[in-house]
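Since the structure comes first, as structure tokens, the remarks are kept for the end.
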Amino acid sequence: MFKIDNIRIEQLSHNLEEKVWQPKHASFINKFLANDLAAVDTTTSHLTTVDSLQAQELTKDISSKLIVNSISALVNWQVSFKQMVDFTHARDAQTVDQILLLQHEPVFTQGINGKAEHLLQQQANIPVMQADRGGQITYHGPKQQIIYLLIDFERKKKHYANFDVKFYARNIISAMENAVVNILTHLGLKNVHAKLDAPGIYVEQKKISSLGIKVTRQGTYHGIAINLDMDLAPFHSINPCGYAGLEMCNVLDYVDVQALHALGLITADQVKTYTHEDLYHLIQELVSEYFVSYIAKCFAYEQILDGKNLSAI
């Protein structure tokens with residue numbers, strides 16, 4: 001059963017070096033990360049230019065710690081929703097922030113402002129569930145990467161106030177948008193961009209990623225969905241995010257083995273043997289790992305821990 005554990009700072013007092021989250025593709029990610037974050041004022045690098053001593057002290061604080069939990073099995077959306085709400089209501093000043101990486105069983109989710117007319121055709125095998133995020137109806141299913149952010153918003157806000165840096169919900173939304181635009185661009189996709197008037201990430205006029213976040217005094221939940229190699233047919237039964245005729249697309253519509261070879265991610269020998277499934281798994285790793293790395297650096301998380309290695313705590 002899927003469950004989000006409320007891990008508190010006092011549980012993280014020993015052997016943390018053995019529990020650090022280690023991206024497989026750090027060398028590729030690190031080629032771009034510093035430059036991608038150069039203009040962001042919420043990073044530890046920027047805070048250090050404001051007050052180096054205080055920034056150094058903050059690296060020891062709970063606000064600098066982040067747990068990454070990756071779930072391999074498909075997760076029922078309603079179960080995950082209840083778990084996120086329960087976790088957020090139960091968290092306190094000693095609860096460590098988390099990022100969840102997962103995929104959902106097929107489901108349509110309707111935002112708080114959702115209109116019934118945007119569900120064009122009910123699918124017998126796909127439930128329609130009510131969410132408390134903004135926006136209209138969307139679809140989640142296998143081979144779509146879901147990334148949920150469970151952040152103590154007020155703690156982060158106070159953290160940045162010490163440096164006279166403003167922190168708003170928009171900072172989180174922009175960071176999610178930028179992370180996806182950046183990694184897809186680094187993978188060779190052209191004209192990847194966010195839209196202010198139609199939230200999400202687009203490749204030219206096709207939508208490749210949807211996002212929505214709930215911000216409460218206790219913390220944030222929900223996050224972003226990135227279409228990797230999913231079945232797009234269920235989107236034909238809805239007006240995606242309330243836009244009639246909006247075309248959806250997948251990352252694998254634009255990336256192939258030759259492109260990955262050109263980027264130095266696979267060898268010439270692998271090009272000959274790489275299957276479509278191999279390609280999907282590599283893209284899933286790259287997109288997820290870059291996203292986590294970007295969010296962690298963007299919001300001054302200096303200690304990123306692997307949730308799988310915390311199971312014995």
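Cβ coordinates come from backbone N, Cα and C, glycine included.
No curator has checked TrEMBL annotations; they are predicted automatically.
As recorded in TrEMBL:
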- Cys241: active site, acyl-thioester intermediate (ACT_SITE)
- Arg133, Gly134, Gly135, Gln136, Ile137, Thr138, Tyr139, His140, Ser210, Leu211, Gly212, Gly223, Ile224, Ala225: substrate binding site (BINDING)
- 93-273: domain 'BPL/LPL catalytic' (DOMAIN)
- Lys207: site 'Lowers pKa of active site Cys' (SITE)
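Recorded features from TrEMBL, shown on the structure.
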{"residue": "Arg133", "record": "substrate binding site", "Cβ neighbours (10 Å)": "19"}
{"residue": "Gly135", "record": "substrate binding site", "Cβ neighbours (10 Å)": "21"}
{"residue": "Ile137", "record": "substrate binding site", "Cβ neighbours (10 Å)": "24"}
{"residue": "Tyr139", "record": "substrate binding site", "Cβ neighbours (10 Å)": "27"}
{"residue": "Lys207", "record": "site 'Lowers pKa of active site Cys'", "Cβ neighbours (10 Å)": "22"}
{"residue": "Ser210", "record": "substrate binding site", "Cβ neighbours (10 Å)": "22"}
{"residue": "Gly212", "record": "substrate binding site", "Cβ neighbours (10 Å)": "23"}
{"residue": "Ile224", "record": "substrate binding site", "Cβ neighbours (10 Å)": "22"}
{"residue": "Cys241", "record": "active site, acyl-thioester intermediate", "Cβ neighbours (10 Å)": "22"}
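With respect to Cys241 (active site, acyl-thioester intermediate), the closest of these recorded positions in Cα terms is Ile137, chosen from Ile137, Tyr139, Lys207, Ile224. Distance from the CA of Lys207 (site 'Lowers pKa of active site Cys') to the CA of Ile224 (substrate binding site) is 13 Å. In three-state terms derived from DSSP, Gly135 (substrate binding site) belongs to neither a helical nor a strand segment and is classed as coil.
The two recorded residues, Ile137 (substrate binding site) and Lys207 (site 'Lowers pKa of active site Cys'), have Cα atoms 14 Å apart. Here the Cα atom of Tyr139 (substrate binding site) is found 12 Å from that of Lys207 (site 'Lowers pKa of active site Cys'). In the three-state DSSP scheme, Ser210 (substrate binding site) is classed as strand.
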